[in-house]
Amino acid sequence: MKLELSKVVQGRCRLGQLKEIGRMGQHSLDIPGCLLYTHLGTVPHLTQDTLHTLSSLPTVTQVTLSNIAEHQEVLDEFKGGFKTFAGLHDTVLYCSLHDSAAHRPTGHTTNKTVSVWGSGGRIELTVAKFMALQRMVQPDWYQAMADGETWQTGTSRKRVRKSVDRSLAHLDECLLVHQKSQELDGVSVFGVVEGGDILEERLCSARETAKRPVAGFCLDGFQTGAMDQALRSQLIAAVTEELPEDKPRLLQGVGRPDEVLACVEAGVDLFEGFFPFQATERGCALCFRFDVTPDPESAVFEKKEAGETQPNGDLNCDDQTHMTRFEMDLKDKRHQDDFRPLVEGCGCYCCRNHQRAYVHHLLVTNELLAGVLLMMHNTSHYHSFFRAVREALANDKMDLLRRRVLGTLTE
């Protein structure tokens with residue numbers, strides 16, 4: 001893969017395109033960008049036909065070993081790779097270690113193993129088993145095995161240092177096996193930067209990982225709830241200074257819009273796309289605004305609506321399971337006779353054809369269609385937000401966009 005930057009704002013915000021991705025090098029991805037979140041290759045609640053009614057979907061589909069590992073025997077027997085197994089076409093497959101939307105118990109790593117958690121419980125992986133799974137999955141790029149259990153507040157420096165050392169050792173072993181594996185010819189490897197909340201360990205991990213022949217970097221341990229946003233931004237900015245400019249940086253576990261903007265400003269290129277799924281599972285619709293040049297005729301309506309949609313959640317909530325201020329709870333009774341679309345002006349199928357009252361009815365009666373319509377809207381809204389981020393960078397309007405997303409921009 002090849003990263004071409006068209007603009008760098010304030011020395012850190014990067015606008016550009018990741019080119020020649022995929023084994024044949026036929027795909028590209030705009031940055032800052034977002035990956036397509038899936039469970040075993042399928043976007044939750046959506047069939048492939050339904051998914052592809054949405055426009056501007058990312059070219060990169062994310063799958064996780066935590067979901068795939070328990071199906072190892074089936075994939076081994078199939079022998080055609082996960083893309084063919086799951087019926088995925090014309091997409092780049094990225095395989096990560098963990099699912100950022102799922103709870104992950106800690107305390108199960110050793111010097112030689114890490115653990116992933118599937119529906120059947122814990123699965124322990126050595127480098128040999130990890131790489132055997134990668135040969136079966138046959139992704140276009142994958143995250144190297146790493147010890148990422150130091151994100152919790154209060155983790156000792158000794159434990160953090162052990163995490164950095166283990167992750168570098170795992171990376172070296174993965175690269176050694178990778179180079180000898182014909183099935184992984186043309187596949188890219190992303191090294192993982194660890195270090196918890198300790199600046200010196202972060203810098204050490206970044207410098208050492210950058211010395212290895214990796215295609216890009218996963219920044220781990222920064223997920224929502226792991227640390228204060230100011231500290232996160234400070235650490236990410238310091239880490240990205242140590243990484244080569246011509247390789248992409250993928251941040252794991254951060255999806256909330258305000259945090260995405262802060263991390264883009266700190267030098268992050270790519271994000272995981274789990275946030276729309278989390279909102280959907282809460283019975284919520286994403287409703288935050290990201291227009292920096294709004295239609296003046298809609299200003300009166302939007303001023304009225306802002307007071308109804310934004311205060312539902314807490315901007316400072318650090319728990320990913322709780323509702324945020326960027327979504328509205330459609331299970332709330334006040335929506336039972338609200339005949340407006342989920343978001344005025346949204347072009348998704350749900351907003352063009354249905355009202356809040358109808359989705360509310362589907363939710364309170366536990367109809368499966370509720371998840372389908374919400375996931376269509378939330379996926380469309382979230383990926384449109386990333387398009388707005390790129391446009392704001394291109395037009396020097398990041399400050400306006402931030403204020404719009406946070407609801408502090410006056411008409």
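Using the three backbone atoms N, Cα and C, a Cβ is placed for every residue, glycine included.
Copied over from TrEMBL:
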type	residues	note
BINDING	Cys346, Cys348, Cys351, His377	Zn(2+) binding site
DOMAIN	14-405	domain 'tRNA-guanine(15) transglycosylase-like'
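Take the binding-site residues Cys346, Cys351: by the count of other Cβ atoms within 10 Å of each Cβ, the lowest one is Cys346. The Cβ of Cys348 (Zn(2+) binding site) has Leu54, Met376, His377, Ser380, His381 as same-chain neighbours under 8 Å, each 6 or more residues away in sequence. Summary of the Zn(2+) site environment: with the site residues Cys346, Cys348, Cys351, His377 set aside, the chain residues having Cβ atoms within 8 Å of the Cβ mean position are Pro341, Leu342, Val343, Gly347, Tyr349, Cys350, Arg352, Met376, Ser380, His381.
For the domain 'tRNA-guanine(15) transglycosylase-like' (14-405), the mean pLDDT of the prediction comes to 90. The local packing around His377 (Zn(2+) binding site), expressed as other Cβ atoms within 10 Å of its Cβ over all shown chains, amounts to 27.
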